[in-house]
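What follows is a single structure, written as structure tokens, with notes after it.
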Amino acid sequence: ERGWFDILDDWLKRDRFVFVGWSGILLFPCAYLALGGWLTGTTFVTSWYTHGLASSYLEGCNFLTVAVSTPANSMGHSLLLLWGPEAQGDFTRWCQLGGLWTFIALHGAFGLIGFMLRQFEIARLVGVRPYNAIAFSAPIAVFVSVFLIYPLGQSSWFFAPSFGVAAIFRFLLFFQGFHNWTLNPFHMMGVAGVLGGALLCAIHGATVENTLFQDGEGASTFRAFNPTQAEETYSMVTANRFWSQIFGIAFSNKRWLHFFMLFVPVTGLWMSAIGVVGLALNLRSYDFISQEIRAAEDPEFETFYTKNLLLNEGIRAWMAPQDQPHENFVFPEEVLPRGNAL
């Protein structure tokens, strides 16, 4: 006798245009609510009460300048539930306090996890290995570290990125000014992973296109391919000879080549996520104190490192009063950074 679980299992895994599955119970509601919350916030909701900013289409922003802003610093790490003590069930007040940000961040995180579980589930049903899901763990790690773990290490959700294009750019400048993020080795590994992955992708695609078998008469080489054909569609031997002539070494194993293409960007993103967890704890890296001391003592000595530190000071001094108006920062002229050349 089949129970309700088996009946539900059959329905969830039924062959349909968009597969649902058990993962869909988490994925579809969370993705719908996160995207819907973002579209609602960017269309109607102001950031006047949290950041002193206009951030919606209703206020005159465009696609690049709208955002769903983080809650005010005074909210701390409250989940800002609609029925919580801050909003007390008042939807308008909840939006004004920044409740949409926590709503989107949490539903977005669970939506991404649901998408990874979807890849696990379908891989199991189709009978393939789960490397797609493993690879997707990298962007999830970056999202969770940047949007959740970093602000949890700071004083409030206020210091997380707001959900918007220009808002993310502001956050990048904040990370540079307050953490010297570009000199952090974990960021360097992240850049190497992303750019290295792009390079590998371009090289691989070009090499395959270069070595396609001439097995059709059409103007387009794409027409000669059949997804059910048994034979190879390009010559690995020719590709190997081509790169052997250029570099002296080349991949001779397709499985190792494709694992390497998986490994480079995924490892880079994971390293970057680990670095952001370090920033959540205000860890520092690569402070070249000897250069700083010499630059302070010798007016003629300056390096790109010491110049960048001055730029960071400038970001902090000019950004903090704008970015954190609730602190009422006032920096007198004499504390603003001056380079040795000045």
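Just so you know, glycine gets a Cβ as well, placed from its N, Cα and C.
Since the structure is predicted, the reported quantities are computational estimates derived from the model, not experimental observations.
Using a 10 Å Cβ-Cβ cutoff, His107 (chlorophyll a ChlzD2 binding site) registers 21 neighbours. For the recorded site, His107 (chlorophyll a ChlzD2 binding site), the DSSP three-state label reads helix. If you look up Swiss-Prot, you'll see His107 marked as chlorophyll a ChlzD2 binding site, on the strength of experimental evidence.
Under the three-state DSSP scheme, Asn132 (pheophytin a binding site) falls in the helix class. The annotation pheophytin a binding site is assigned in Swiss-Prot to Gln119, Asn132 on the grounds of experimental evidence.
Long-range C-beta contacts of His187 (chlorophyll a PD2 binding site), restricted to its own chain and to partners at least six residues apart, with a cutoff below 8 Å, comprise Trp181, Ser272, Gly275. Among the features that Swiss-Prot reports, chlorophyll a PD2 binding site is placed at His187.
Take the CB of His258 (Fe cation binding site) and look out to 10 A: across all protein chains shown you find 14 other CB atoms. Feature annotation from Swiss-Prot assigns Fe cation binding site to His204, His258; the stated evidence is experimental evidence.
As annotated by Swiss-Prot, topological domain 'Cytoplasmic' applies to 1-29 (among others), with the evidence given as experimental evidence. Using DSSP to sort the residues of the topological domain 'Cytoplasmic' (1-29) gives these counts of helix, strand and coil: 18 helix, 0 strand, 11 coil.
If you average pLDDT over the topological domain 'Lumenal' (51-113) in this model, you get 97. Taken from Swiss-Prot, the feature topological domain 'Lumenal' applies to 51-113 (among others).
Annotated topological domain 'Cytoplasmic' per Swiss-Prot: 131-141 (among others), in sequence order, evidence recorded as experimental evidence. Sequence-distant neighbours of the topological domain 'Cytoplasmic' (131-141) (same chain, 6+ residues past either end, Cβ-Cβ under 8 Å): 109, 112-113, 115-117, 119-120, 123, 262, 265-270, 273.
Within its own chain, the topological domain 'Lumenal' (156-196) has Cβ neighbours under 8 Å at 38, 41-42, 47, 50-51, 55, 63-78, 98, 101-102, 104-105, 146-148, 150, 264-269, 271-272, 274-276, 278-279, 282, 284-286, 305, 308-309, 311-312, 314-316, 319, 323-324, counting only residues six or more beyond its boundaries. Under the heading topological domain 'Lumenal', Swiss-Prot lists 156-196 (among others), citing experimental evidence as support.
The DSSP breakdown of the topological domain 'Cytoplasmic' (218-267) into helical (H, G, I), extended (E, B) and coil residues amounts to 30 helix, 1 strand, 19 coil. Look at Swiss-Prot and you will find 218-267 (among others) tagged as topological domain 'Cytoplasmic', backed by experimental evidence.
Annotation source Swiss-Prot lists topological domain 'Lumenal' at 285-342 (among others), citing experimental evidence.
According to Swiss-Prot, the transmembrane segment annotation covers 30-50 (among others).
Annotated transmembrane segment per Swiss-Prot: 114-130 (among others), in sequence order, evidence recorded as experimental evidence.
Taken from Swiss-Prot, the feature transmembrane segment applies to 142-155 (among others).
The transmembrane segment annotation in Swiss-Prot covers 197-217 (among others) and is backed by experimental evidence.
Per Swiss-Prot, transmembrane segment is recorded for 268-284 (among others), and the stated evidence type is experimental evidence. Sequence-remote contacts of a segment are chain residues at least 6 beyond its ends whose Cβ falls under 8 Å from one of its Cβ atoms, and for the transmembrane segment (268-284) they are 137-139, 141-142, 144-146, 149-154, 175, 179-181, 184-187, 189-194, 196-197.
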| request: Translate the DSSP assignment of His204 (Fe cation binding site) into the three-state scheme. | output: helix
| Counting only residues 6+ away from its ends, which parts of the chain sit with a Cβ under 8 Å from the transmembrane segment (197-217)? | 223-224, 232-236, 238-239, 242-243, 257, 260-261, 264-265, 268
| remark: Per the Cβ under 8 Å criterion, with at least 6 residues separating them from its ends, the transmembrane segment (142-155) contacts 70, 73, 76-77, 105, 108-109, 112, 161, 269, 272-274, 276-277, 279-282
| Same-chain residues near the transmembrane segment (30-50), Cβ under 8 Å, at least 6 residues beyond its ends | 56-59, 61, 66-72, 95-98, 100-101, 103-104, 107-108, 110-111, 114-115, 158, 162-164
| request: From the binding-site residues His107, His204, His258, pick the residue whose C-alpha lies nearest to the C-alpha of Asn132 (pheophytin a binding site). | output: His258
| query | Can you tell which of Gln119, Asn132 has the most other C-beta atoms within 10 Å, given these are the binding-site residues? | reply | Gln119
